[in-house]
Each structure stands twice: as C-alpha cells, then as structure tokens.
Amino acid sequence: MNSENISICEKIVSPSYVRQGSQARRSHEQLIRMLLEQGKCPEEGWSESTIELFLNELAVMDSNNFLGNCGVGEREGRVASSLVARRHYRLIHGIGRSGDIAAIQPKAAGSSLLNKLTNSVVLDVLKLSGIVASCFVVPMATGMSLTLCFLTLRLKRPKASYIIWPRIDQKSCFKAMITAGFEPVVVENVLEGDELRTDLEAVERKVEELGSENILCVHSTTSCFAPRVPDRLEELAIMCAKYDIPHVVNNAYGVQSSKCMHLIQQGARVGRIDAFVQSLDKNFMVPVGGAIIAGFNESFIQEISRMYPGRASASPSLDVLITLLTLGASGYKKLLAERKEMYTYLAQELNRLAEAHGEKLLHTPHNPISLAMSLDGLQAQCDKAVTQLGSMLFTRQVSGARVVALGNEQIVSGHTFSGFMSHSESYPCPYLNAASAVGITRDDVTLCIKRLDKCLKSLRKEKVKKMRGKKCSLMFDFVI
C-alpha cells in the first residue's frame with residue numbers, strides 16, 4: 001500500500017492505528033528490500049505472511065495478472081483451474097526464453113525476478129557449504145541435468161565418444177550418459193578394507209588406451225551408498241588437468257555433507273572440475289523435479305544454461321526459494337548439524353544391533369552419509385532370507401533401507417552389471433544400507449532399529465523351526 005493510500009486510510013480509521021499497521025507492513029517490506037539488494041539467503045527465516053506478500057508482489061508484475069491485459073498470443077499464461085493458479089501463486093509464465101533458461105521474459109518481470117533471485121540465494125547456500133562457484137537451478141532431476149552437461153561438452157569435443165565412469169550402481173547416472181549419445185567406459189572399484197574406492201590406475205590406463213581426444217569427460221561421484229565411498233576427486237581432478245579432459249561430478253545429495261563439498265572445492269583447487277550437479281529434493285527437502293548445475297567457470301555454466309531448449313517450469317525454483325526463505329541460513333545450517341549428529345547415532349545403533357545378531361557394521365569412514373551392516377548370518381541361513389528381509393522392512397513401513405544380496409545381475413541400457421547394487425562384481429558379503437540424510441530425526445532411527453531387530457529375530461525363529469522340522473523328519477525316518 002503506497003503513501004497516498006495510507007493517507008486515505010487515516011481519514012477512515014484512527015491515524016495512530018493506521019500508522020501502527022503501516023509500520024508492521026514496512027517490517028515485511030524491509031526484509032524483501034534486503035533480499036533484492038543482497039541476493040542472499042536471509043540469516044533468519046521469514047514468516048509465511050512475508051513470503052506470501054513477496055510472491056504476490058512478484059505475481060502482479062506478470063502480464064497474465066495485469067488488470068487490463070489483452071492477450072492474443074499462443075502463450076499468455078492462461079490457466080483453466082483456479083486451484084492450479086493458486087498452487088503456483090499465479091506465476092504462470094515459467095522461467096527463461098526459447099534460447100536461454102536464464103533469459104529475462106519481457107511479459108513476465110515477476111517470474112524473471114523469481115528466477116534470478118533463486119539462483120542467487122542457492123549460490124549463497126553453496127557458499128555456506130564451503131564452495132565458491134557459479135550455478136543455476138534447472139527443472140530436471142539429477143540424471144537429465146547430467147545429460148545437459150554432457151551435451152554441452154559435446155560442442156567443445158566433437159570427436160569424443162567415451163565417458164570414463166568409476167562404477168556406481170545407480171541407473172539414472174548411467175542412463176544420463178547413454179541418453180546424451182556417449183559410450184560409458186565402466187571402471188570397476190577396488191576393495192580397500194570394507195570400502196569400495198576409485199581405481200585410479202585403471203582410470204589412467206583407460207585414458208591412455210582410448211586417447212584423451214576421444215574422451216568427453218570423467219564422470220565421478222561423491223554421495224553414494226556404502227560400502228562404496230566418494231571417488232578420489234582430488235586425484236581424478238589432477239589427472240583430468242594433466243590429460244586436458246573435462247570432469248563432471250555427480251554430487252546428487254552431497255550438498256548436505258561438508259566432506260563431499262570439501263572434496264569438490266579441493267578438486268577444483270588442485271586440478272580440474274568443470275561442473276557438479278546436485279538434486280534439490282535430496283538436499284533441500286522439496287518435491288522431486290529440480291537440480292542445481294554448478295561449476296567454477298562462469299562462462300561454461302552459462303553455456304549449459306543456453307543449451308536447455310525452450311522455456312522451463314518455475315516450480316522447482318519457486319519451491320526451493322520458499323523453502324530457503326522459510327528456513328533462513330541459520331535454519332539450514334541447523335538441519336545440516338542435526339544430520340551429522342544423527343549419522344553418529346545411526347552408526348552407534350546399527351553397530352549395537354549388528355553385534356546382537358552376529359553381524360558387523362562395515363567400516364566405511366570415507367562415506368559421510370550412508371552406512372552398511374553385513375548380513376552374512378542371513379545368507380548362511382537361506383539364499384532367500386536376505387531378500388526376504390528387504391520385503392519385511394518395506395511392509396513394515398521402513399523406507400529407504402536397501403538390502404543387497406550377492407550375485408544380482410542387471411542389464412541397464414544394454415550393459416550387464418554383475419553384482420548389481422553392490423557397486424562391485426564380487427563384494428564379499430550381502431548387506432543392508434541405511435542413510436543419515438538431511439531431515440532425518442532421532443525417532444526415525446529409533447523406530448527403524450526397533451523394526452529391523454524384530455525382522456531379524458523373526459527370520460531367526462523361522463530358521464529354528466525349519467531345523468526342528470528337519471530333525472523330526474530324520475528321527476521319523478530312523479524309526480521306520
């Protein structure tokens with residue numbers, strides 16, 4: 001409400017009351033002004049009323065919300081359902097233009113501001129995590145965002161047809177390379193203790209065998225399921241700089257880990273990292289559908305944004321901006337600290353449970369998010385007992401826990417993976433995964449351990465019953 005309207009209000013209601021209300025409104029506007037001036041995540045989170053005021057102010061700047069607008073084009077921000085319009089705060093035009101996802105839309109100043117501010121706030125959060133880089137939010141999940149990076153690199157390396165990829169058993173990052181039209185060169189990991197780590201010698205042999213000019217990039221990974229651990233990013237970055245090969249990092253849920261972010265920053269400092277991609281939903285607790293593409297060369301990151309064909313949905317940008325404004329920098333840092341605490345608690349509880357059932361917590365100190373517990377006892381009991389445990393946990397509403405049996409074989413886009421899900425052709429034991437990801441609570445861990453304990457006890461009872469049945473059968477045969 002402008003000063004003229006305030007003056008009119010003072011003629012209708014007591015001026016002292018109006019001034020008080022006006023001051024309250026200015027406190028909201030002061031927060032918005034600071035965001036526009038600084039482009040940083042506010043230290044303290046905003047109230048919902050401030051966020052909604054801000055979004056409504058943005059929405060009235062888009063042409064589809066102009067009171068006297070007359071649209072005669074094919075894309076005029078028309079929405080048939082008022083429920084859909086409210087769901088998107090009437091920000092209907094999306095982001096970008098046909099030639100660049102970061103471009104300004106002449107008839108959508110509000111949506112364009114939303115896009116610019118979201119990228120700026122997300123960049124500030126990456127800096128809080130220890131990385132100084134350039135970035136933008138893209139309305140695609142991690143796999144397709146990686147594909148966009150590979151397609152951009154193709155323009156720079158038209159002769160290249162291979163991507164060197166230290167193995168991680170996750171389908172979307174593998175399909176990202178196939179979809180971009182490249183041939184993944186899978187490099188098996190090496191077993192060091194319980195951990196699966198990057199085989200640097202094998203990577204270098206592949207580079208020398210194929211020729212650096214024929215390799216689009218090295219595609220490495222940070223966040224992953226134990227017993228695999230983050231790739232040796234510093235050594236790979238040095239190798240990429242040595243052979244002049246681009247380096248793309250799959251940092252899917254690594255923003256929440258200071259260790260993963262430190263690896264990326266160090267890799268860029270000592271060698272070469274061209275781009276790193278992270279998921280919005282896994283790191284910021286928003287709906288699936290967005291990612292952050294970041295890198296240390298601003299011009300290359302801009303090239304990737306220009307590679308995106310057409311306009312894009314503003315939903316992922318809107319979701320993450322609302323979330324970060326709600327949390328504030330202090331709220332997000334608190335979540336990261338709680339995640340670290342829960343990792344320690346989860347490790348302690350899994351270790352205690354493992355010992356109680358004759359198993360062990362696999363020693364994977366280089367993995368800061370995921371843990372693994374052996375299931376040797378179940379495997380000895382019955383081949384199907386391991387997979388049965390996974391089914392039992394799922395039906396008891398324990399989500400996210402992964403049970404990995406030995407000998408799985410999976411064909412993904414024509415490539416056969418032996419020992420699929422274990423990141424190795426022959427990992428020594430079956431195991432169960434659990435992860436301490438951002439947002440996890442102490443109750444989540446406690447309830448998971450309780451239900452897992454019951455499932456393991458139930459499977460043990462089944463084993464005892466079967467053994468008794470066999471004994472009775474043998475005694476009966478002996479009597480006969």
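Backbone N, Cα and C atoms are what each Cβ position is placed from, and that goes for glycine too.
Annotated features, as they stand in TrEMBL:
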- Arg75: pyridoxal 5'-phosphate binding site (BINDING)
- Arg97, Ser98, Gln105, Arg311: substrate binding site (BINDING)
- Arg269, Arg396, Lys461: tRNA binding site (BINDING)
- Lys282: N6-(pyridoxal phosphate)lysine (MOD_RES)
Cα-to-Cα gap, Lys282 (N6-(pyridoxal phosphate)lysine) vs Arg311 (substrate binding site), nearest whole Å: 24
Cβ packing number for Arg97 (substrate binding site), 10 Å threshold: 17
Arg311 (substrate binding site) versus binding-site residues Arg75, Arg269, Arg396, Lys461 - nearest by Cα: Arg75
Cβ-centroid neighbours of substrate site Arg97, Ser98, Gln105, Arg311, 8 Å, sequence order: Gly94, Ile95, Gly96, Gly99, Asp100, Ala103, Gly310
Cα-to-Cα gap, Gln105 (substrate binding site) vs Arg396 (tRNA binding site), nearest whole Å: 49
Site extent for substrate, whole Å (max Cα pair distance, Arg97, Ser98, Gln105, Arg311): 10
Cα separation, Ser98 (substrate binding site) to Lys461 (tRNA binding site) (Å, whole number): 63
Pairwise C-alpha maximum, in angstrom, for the residues (Arg269, Arg396, Lys461) that bind tRNA according to the record: 55
Between Arg75 (pyridoxal 5'-phosphate binding site) and Arg269 (tRNA binding site), the C-alpha gap once rounded to whole angstrom: 45
Distance, Arg269 (tRNA binding site) to Arg97 (substrate binding site) (CA atoms, angstrom): 34
Proximal but sequence-remote residues of the same chain as Ser98 (substrate binding site) (Cβ under 8 Å, at least 6 apart): Pro309, Gly310, Arg311
